[in-house]
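If you look up Swiss-Prot, you'll see 5-127 marked as domain 'Glycine radical', on the strength of sequence analysis. Swiss-Prot lists K48, K88, K92 with the feature N6-acetyllysine, giving sequence analysis as the kind of evidence. The glycine radical annotation in Swiss-Prot covers G102, and the record cites sequence analysis as its basis.
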Amino acid sequence: MITGIQITKAANADLLNSFWLLDSEKGEARCIVAKAGYAEDEVVAVSKLGDIEYREVPVEVKPEVRVEGGQHLNVNVLRRETLEDAVKHPEKYPQLTIRVSGYAVRFNSLTPEQQRDVIARTFTESL
């Protein structure tokens with residue numbers, strides 16, 4: 001169990017009025033803030049704190065969502081035939097806008113190679 005404390009009495013003056021998180025299961029203390037001698041987030045054995053007195057302080061734990069890497073999806077809702085026709089007849093599709101790597105671009109502003117690449121990557125037979 002994690003308990004938040006403020007040290008009110010200690011032989012080591014650096015500990016006085018410092019805040020810690022005590023992990024009773026591991027026998028460890030994590031420094032939240034101290035005047036000197038201890039770094040923020042430094043973890044020490046509770047026994048290293050020596051003979052101390054403290055008062056408990058409320059600890060609020062907020063769930064943290066960690067995203068590493070992530071996913072990215074571009075959705076273009078149209079038919080393959082529309083893009084192929086836009087390659088052949090760009091004048092018919094001056095406003096045709098698609099998503100490429102998160103950006104909206106006019107299909108006609110892409111090079112022919114980029115247009116072919118978009119068509120090849122956008123339409124697949126199966127996943």
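Glycine residues also receive a Cβ, built from the backbone N, Cα and C atoms like all the rest.
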Tell me, by DSSP, whether K48 (N6-acetyllysine) is helix, strand or coil?
helix
Across the domain 'Glycine radical' (5-127), DSSP labelling yields 33 helix, 34 strand, 56 coil
Given the modified residues K88, K92, G102, which one's Cα is the least distant from that of K48 (N6-acetyllysine)?
G102
Give the distance between the Cα atoms of K88 (N6-acetyllysine) and the residue listed as 'glycine radical', rounded to the nearest whole Å.
25
Other CB atoms, at most 10 A from the CB of K48 (N6-acetyllysine)
10
